[in-house]
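Copied over from TrEMBL:
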- 1-10: compositional bias 'Low complexity' (COMPBIAS)
- 1-110: region 'Disordered' (REGION)
- 36-49: compositional bias 'Acidic residues' (COMPBIAS)
- 68-79: compositional bias 'Acidic residues' (COMPBIAS)
- 109-365: domain 'BOP1 N-terminal' (DOMAIN)
- 372-413: repeat 'WD' (REPEAT)
Amino acid sequence: MVAAAAAATAMGKSQRSSKNSDRLEQEIAENPAANEDVEEASGGDEESQPSDAASLSEDEGSQGSPVDSEEENGDVSDDEDHRSGEESDSSEEEVPSRNTIGDVPLEWYKDEEHIGYDVAGKKIKKQARKDRIESFLAGVDDAKNWRKIYDEYNDEEVELTKEEVKIIGRMLKGKTPHAGVDPYAPYVDWFVWDDKGHPLSNAPEPKRRFVPSKWEQKKVVQYVRAIRKGLIKFDKPKEEPRVYLLWGDDSSAAENKRHGLSYIPAPKPKLAGHEESYNPSVEYIPTQEEINSYQLMYEEDRPKFIPRRFESLRSVPAYEKALKENFDRCLDLYLCPRTRKKRINIDPESLKPKLPSRKDLRPYPRTCYLEYRGHTGPVKTISIDVSGQWMASGSSDGTVRVWEIETSRCLRVWNVGEAIKHISWNPLPELPVLAISAGHDVLILDTGLGNAEEQARIKELLHVEESKPEEDGSTPVVSWVQDDKYDCIRLKHLKAVTTVEWHRKGDYFTTVVPSGDSRAILIHQLSKKHTQNPFKKLHGLPVSAVFHPTRSIFFISTKKNIRVYDLLKQKLVKKLETGVREISSIAIHPGGDNVIVGSKDGKMCWFDMDLSSKSYKTLKTHPKDITNVAFHRSYPLFASCSDDCTAYVFHGMVYSDLNQNPLIVPLEILRGHTSSDGRGVLDCKFHPRQPWLFTAGADSIIKLYCH
């Protein structure tokens, strides 16, 4: 009924199918604010704006988007049209359809260039179809997009007015379409009672009003028989007990229970013992030395009563503290609130979680095995080759070095000239190239470690033709330039680049420019030398951006929260609330359902994507800022490094059973780096195959910790 009402309301604009009406009903149900005030949407706070990022997924197809809506203007009608409109059954004028093909199925025109014919018999050309990204961006930029309905019959978009949306909203709530209609109007008595001397009926009273009813008599007889047979029972009045226990316990007396509440009796005073006897045994009487020692004790530890011995009961004097103790007893009974406390005797050790032994969780990195020396400045970033044979490092001294892991031998050195911010190795083993961020530039550098066939492919891949200027004269987002000095590609950004991360397929990579405003998150395609800017509206300063290890999901972390976008569906999937002061780094579990976040207040948060948008567990590990966090690709290990010159190694087992929570066990604290200018360990990475951990410190040393 609601779908038909939506179509009937929008008939003044164009004919709509039941499919579009269902879509309108769903959108209005999702926008409750539109049902009352019909406020215009603010532009989609929770939705992303990916443009060409959907090309990262396997879905190459595009979906047709509705064309821009055409405004329909109506002229003011004259008096005759107004009178004819009042006589018609419909309160709205019906606009004739632009398409005149009738009830012919639109599937017949699917492969044609037109969708039908107009009144003049001319073909109605199909509008230019937009792909998914263009239609999504057009919908995000238009605040009134939720009020639009796509008319397949006429191939156009129709925008509902505020009044029409109000009518549909009222019908969804079960109200009348028009607010001026009162469904519960007061009853109007049509009969005129004034000056009427006789009632409506002047018939005499019937005899049955004066004779007892025989049906009521039969009903009473039925009740009497039911009471006698016991079918109907009445509650017996409660009898109060005439006697009570004179010497019984107060707690067991029934009359002490107040309205069903448990009665708590007053504590009994302590009864007199052997030491209070007037003629106690000799062992209860203290010596003079013991009495003198009582004076040296604290008042709360001093005995309240010192036993004395008398020959007879007549010789016992009056108790000097009797009045004070009775007064204190009365105060305790009057002022002390008595509540029943359920005390559970539990061993505190049993409350601790039963964690497995560290010996059972081996192997994990414990001792320093190798040191890689050669940099003259703090080593800010390291990256491990997917084969596990090579390691690349970048330092603030402006050099990039490639090391052989097992021998700590330096193979290549490139002097870029600027401080290296981040370095990342391509995840494809047949494509040994490095992505380096230094200043405003990103370098795609050939390491020269592949065979002849791979080097020929890399040389062809890293060749850039001269870029042509934009047709509209605007400045490109990123300039792809051939760098002859290092025989590489240089991507020139407008501002400084902080991080570079590769996609799992090795063709795409993303860069983060925190001060880039609308160009802060960029996605680049190496094979086509193309740059995309899908996220033009960011809620906060970005810190890092990473791809999902297995699916087409993109993570963007700002200083306060993490936004998860689905590149295939082109929308925001989840927003993770960290609750920390400022995010410094993130890492994705190889399974893709768990995320760890490091912060600058020393806290590390573990998120379970299937569980909640809030952290499953928050670990307060480091006293200083956490610089980086990392997961191992194959072992259940994760680590964090900090400016306190330490790296923490944890066991993090994620089970396939969704009902079982992840097991997090702290394993080892790795030390060895020295502080420099208040900085400690700047980066940490796991070996892709072995349970080894690499740490890069501000003391210009890279350490390898093994099991």
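Backbone N, Cα and C define each Cβ position, glycine as well.
The average pLDDT the prediction assigns to the domain 'BOP1 N-terminal' (109-365) is 82. Counting only same-chain residues 6+ beyond the ends of the repeat 'WD' (372-413), those with a CB under 8 A from a CB of the stretch are 419-429, 432, 434, 436, 438, 445, 447-449, 676-677, 679, 682-683, 685-690, 694, 696-704. Note on the repeat 'WD' (372-413): DSSP counts are 0 helix, 25 strand, 17 coil.
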